[in-house]
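Swiss-Prot annotations:
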- 1-253: domain 'ABC transporter 1' (DOMAIN)
- Gly36, Arg37, Asn38, Gly39, Ala40, Gly41, Lys42, Ser43: ATP 1 binding site (BINDING)
- 320-546: domain 'ABC transporter 2' (DOMAIN)
- Gly352, Pro353, Asn354, Gly355, Cys356, Gly357, Lys358, Thr359: ATP 2 binding site (BINDING)
- 545-569: region 'Disordered' (REGION)
- 545-563: compositional bias 'Basic and acidic residues' (COMPBIAS)
- 559-647: region 'C-terminal domain (CTD), binds DNA' (REGION)
Amino acid sequence: MALISLTNGYLSFSDAPLLDHAELHIEPNECVCLVGRNGAGKSTLLKIIAGDVLMDDGKIQYEKDLVVSRLEQDPPRNAQGNIFDYVAEGVGHLTDLLKEYHQISVQLEENYSDQILSQLEQVQAKLEHADGWRFENKINEVLLKLGLNPNTKLSALSGGWLRKAALARALVCDPDVLLLDEPTNHLDVEAIEWLENFLLDFQGSIVFISHDRSFIRKMATRIVDLDRGQLVSYPGNYDLYLTTKEENLRVEALQNELFDKRLAQEEVWIRQGIKARRTRNEGRVRALKVMREERRQRRDVMGTAKLQLDTSSRSGKIVFEMEDVSYEIAGKTLLKDFSTTILRGDKIALVGPNGCGKTTFIKLLLGEIQPTSGKIRCGTKLEIAYFDQYRADLDPEKTVMDNVADGKQDIEINGVKRHVLGYLQDFLFPPKRAMTPVKALSGGERNRLLLAKLLLKPNNLLILDEPTNDLDVETLELLEEILTDYQGTLLIVSHDRQFIDNTATECYLFEGKGHLNKYVGGFFDAKQQQANFWASKAVEEQAKAKKSEPLKEESAVKNDRTSKPKSVKLSYKEQRELEQLPQLLEELETKITVLQAEIADPAFFQQAHDITDAKLKALADTEAELETAFLRWEELEEKKNLVEGKA
């Protein structure tokens, strides 16, 4: 039985309805990806499923006591309190208890007293009774993986960080159905991969919207296409959907062509005059009227954007040269002793976590900031086009047309003059929309407009900082084709793994503490090389560690004889942690054994790169987690023994 059933759904805000008597059924334990062009109504459909928007007609039914959680595309900006409280509200029945526990814990850390400790113990007992620790641990895990400080005030968050907090809130409540609108937006690759694994373990149904094709391929068990008001279900994976959809559109185009040809013939016949109005032909006249109405009601497929680059003369052979470049800010090293030569025609992707220094790297190359040490030399004859992730190159008060042509009627691309309205239609801006102020545009429309403006500028060095945000898949794929054929030098900052893999020939991976390493190939090739490099390094470190163990043990014995036990005491939190660590260690060891067996299989490396890469990374992460957990267990055990010995 379906968890949610939408039947005969109809909703319209304009001439063309978003839902035109559509149907959708969400079954238990499935992961549905909702696809469609920008503006098709995908986000509105999620709001309908969540019960936040009512349809004009139709019915939606839910299984009894069904719990639905939704991540909004644009989280509310007027939320109050700190991140922990906001996320805990997603749990519902335990919200107040979890908030109280967090607040008292913070008070205890800042100002210890027996009274506060007593309050904490009372709340802990209530949480224990209500099985609340599971949710408290989940909240802390999600916040950690998304890089969120639980005590940060929501009012201090930018839109991207607020969206992360909203994602955390949607994930923690154990719903039956999880609705996610662009969950990978503003997440770096590491966070996206964690989210994928988190959702794969989720015991419920998921309906999500995403333009991240790698994410869709990994997650979706079914594709539902919202196309011109209709919901069409495609069982199976994303690639099967693409093939089937292409064939369906081909058949539809052929049928429309035949219909239009027959309609044209009937129109010629009706104009022949009196013969058409004889009684014996009244049926044919009525049929023609039906055909006219059918053609009037038909909604044609939306066109795709038409992109082309205005390339300039070639740059010099060497575009940039960096020699032992370091950069520090506020005591943090973003780049350390990095050297490279970027040549004409190179297509390089900068990959790393949020805040690691990718945009800083570009600013260093462009001379907008100076390195702390080292030298950067620019090549000759450079003409640069820069796609800024903050969209600062757009004037929100000006119209779409004026942003591109600055009040002129004509633009020039590759030596050919065109009317600005015709050019903007290539980017899916009809004349009426071209006269709209930029501040009224959606995120996807702003991205298309920035591309339209950027591609007008003659260039031989193209820098794209997060170009894929809010672009629909069709426009993304067209952009990829153009960049593949681009003869200049390309620098990309993106968290879209498929986009990087399809456009870059080399990846610079930020690996922490200012270390930046270069790998040949697209994203998945680079990650495979990185995994192999760190795996071999881990083996070397283990070998060194084994050699030094006898010396460490001898030193430890001497230290034990001479050192005096310190006065220490385990806190309640530490006692709980110590009790839980043995089970965690056992689980991690089991997980490592399973992963090692999978990797040892001869067929392992015959799988797709993203699968092998994920397994290798999971093994490295789990081994690191085991080591950290074991060291923590040793630390707490030693602390406990010192206390007992003193007593």
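Here the Cβ of each residue, glycine as well, is placed from N, Cα and C on the backbone.
Taking the features listed in Swiss-Prot, we show where each one sits on the structure.
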residue: Gly36; record: ATP 1 binding site; Cβ contacts under 8 Å, 6 or more apart: Lys42, Asp225, Leu226, Asp227
residue: Asn38; record: ATP 1 binding site; Cβ contacts under 8 Å, 6 or more apart: Ser442, Gly444, Glu445, Asp470, Leu471, Asp472
residue: Gly39; record: ATP 1 binding site; Cβ contacts under 8 Å, 6 or more apart: Ser442, Gly444
residue: Ala40; record: ATP 1 binding site; Cβ contacts under 8 Å, 6 or more apart: Leu18, Leu226, Asp227, Arg228
residue: Gly352; record: ATP 2 binding site; Cβ contacts under 8 Å, 6 or more apart: Asp188, Val189, Lys358, Leu509, Phe510, Glu511
residue: Pro353; record: ATP 2 binding site; Cβ contacts under 8 Å, 6 or more apart: Gly147, Asp188, Val189, Glu190, Ala191, Phe510
residue: Asn354; record: ATP 2 binding site; Cβ contacts under 8 Å, 6 or more apart: Gly147, His186, Leu187, Asp188, Ala191
residue: Gly355; record: ATP 2 binding site; Cβ contacts under 8 Å, 6 or more apart: none
residue: Gly357; record: ATP 2 binding site; Cβ contacts under 8 Å, 6 or more apart: Tyr327, Leu334, Leu335, Phe510, Gly514
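Here the C-alpha separation of Ser43 (ATP 1 binding site) and Cys356 (ATP 2 binding site) works out to 32 Å. Cα-Cα distance from Cys356 (ATP 2 binding site) to Gly41 (ATP 1 binding site): 35 Å (rounded to the nearest whole number). Apart from Gly36, Arg37, Asn38, Gly39, Ala40, Gly41, Lys42, Ser43, the ATP 1 site neighbourhood in this chain, defined by C-beta within 8 angstroms of the site C-beta centre, holds Leu226, Asp472. Cα spacing between Gly41 (ATP 1 binding site) and Thr359 (ATP 2 binding site): 33 Å, rounded to the nearest whole number. Considering only the binding-site residues Arg37, Lys42, the Cβ with the fewest other Cβ atoms within 10 Å is that of Arg37. Here the domain 'ABC transporter 1' (1-253) returns a mean pLDDT of 88 for the predicted model.
Take the CB of Cys356 (ATP 2 binding site) and look out to 10 A: across all protein chains shown you find 21 other CB atoms.
Look at the Cβ of each of the binding-site residues Lys358, Thr359 and count the other Cβ atoms within 10 Å; the largest number goes with Lys358. The residues near the ATP 2 site, meaning same-chain residues not in Gly352, Pro353, Asn354, Gly355, Cys356, Gly357, Lys358, Thr359 whose C-beta sits within 8 angstroms of the mean position of the site's C-beta atoms, are Asp188, Leu334, Thr360, Phe510, in sequence order.
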